[in-house]
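All remarks here apply to the structure that follows.
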Amino acid sequence: MQKTSNTLALGSLTALFFLMGFITVLNDILIPHLKPIFDLTYFEASLIQFCFFGAYFIMGGVFGNVISKIGYPFGVVLGFVITASGCALFYPAAHFGSYGFFLGALFILASGIVCLQTAGNPFVTLLSKGKEARNLVLVQAFNSLGTTLGPIFGSLLIFSATKTSDNLSLIDKLADAKSVQMPYLGLAVFSLLLALVMYLLKLPDVEKEMPKETTQKSLFSHKHFVFGALGIFFYVGGEVAIGSFLVLSFEKLLNLDAQSSAHYLVYYWGGAMVGRFLGSALMNKIAPNKYLAFNALSSIILIALAILIGGKIALFALTFVGFFNSIMFPTIFSLATLNLGHLTSKASGVISMAIVGGALIPPIQGVVTDMLTATESNLLYAYSVPLLCYFYILFFALKGYKQEENS
């Protein structure tokens, strides 16, 4: 009976990961959409990612403690409700035409995603004893399905409802801002429906079913966890930085409009989806850390080629990085939380805080891009910022993942 419950739980969690990916990737549509509406610089536009991923740092530890008390199943329900609230706030934000309101709504929405992330990832690993990395990669493939469909959804329902002229009136800009209202209202309704479904399913609280430990080391005494949390920081920062500026790079270097450029995001995030489905199969034969090292090295090579070669080849190389990003988050997470026992929920909260890399790295790249724009230099040099992130991931895959003998 327990095995059936665990299988049902894993299956239902695919909806959670799908929604997280779908909503998160819409930020890559919001940046080029809101930039001309509010006359933003690259740095100001990147504040969308700062507010969204900043919520991970502020709320990750909070939800880690909350979920350790209420359990993973109720943590999932709570996450969906908060997410729905944030999505609904996009309606008044667009109505008043306030960029600050948009950022506030994004923070609340992101807080819901943080709660889902904090509950969902360890939930999967605890349901998958002996197959933690493989099953988390498989379930997160549905996260990538969401990130693949998100740009299509966003470009059709948001960009198609906007005007393309560079000299829009204030009224036209407000009308363009309102194009996000119905899509996000729909996401709010969908989130509430998922909250109801998860509540009615009565998922098993696997952590409470684990035997209590008489002694417990400090979470931060586990070096593999500390290195892993930093790995998540740099992975999310690098991935989000590339995704955030990919559309703007295509616009600038290939003279494509925003809607056409957004289609390339499908290849970036779609590559991650393909890589995760493939990775879940290959991890039966390849050690997770070795697979991670190969993908990190491949990403380094692709970004370096993009910077050195430039042109169409560079942008296609950056797009292909998405494929190698595929297994990084679930693999780093599973390696970092391995054998942590009852510290797992708190560890997940700290790792959720580490996702703040997505808030800090893109603005750094934004500042570098603004500097390069001012001096009319090659914008691709700014991709040196995410390049450095992948070097750390390579370190974690080769050495940082190792547990101490007495862990």
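Cβ coordinates come from backbone N, Cα and C, glycine included.
The feature transmembrane segment is assigned by Swiss-Prot to 11-31, 47-67, 70-90, 96-116, 139-159, 180-200, 225-245, 263-283, 300-320, 321-341, 349-369, 378-398, with sequence analysis given as support.
The stretches the transmembrane segment (180-200) and the transmembrane segment (70-90) meet in space: the count of Cβ pairs below 8 angstroms, excluding pairs fewer than 6 apart in sequence, reaches at least three. The listed stretches are 96-116, 263-283, 321-341; of these, 321-341 has the most Cβ pairs under 8 Å to the transmembrane segment (225-245). Of the recorded ranges 47-67, 70-90, 96-116, 139-159, the transmembrane segment (349-369) has the largest number of C-beta contacts under 8 angstroms with 47-67. Of the recorded ranges 47-67, 70-90, 263-283, the transmembrane segment (139-159) has the largest number of C-beta contacts under 8 angstroms with 263-283.
When Cβ-Cβ distances below 8 Å are used as the criterion, the transmembrane segment (263-283) is approached by residues 21, 25, 28-29, 133-135, 137-138, 140-141, 143-145, 147-148, 150-152, 155, 242-243, 246-247, 250, 291, 295, 315, 318-327, 330-331 of the same chain, each at least six residues removed from its ends.
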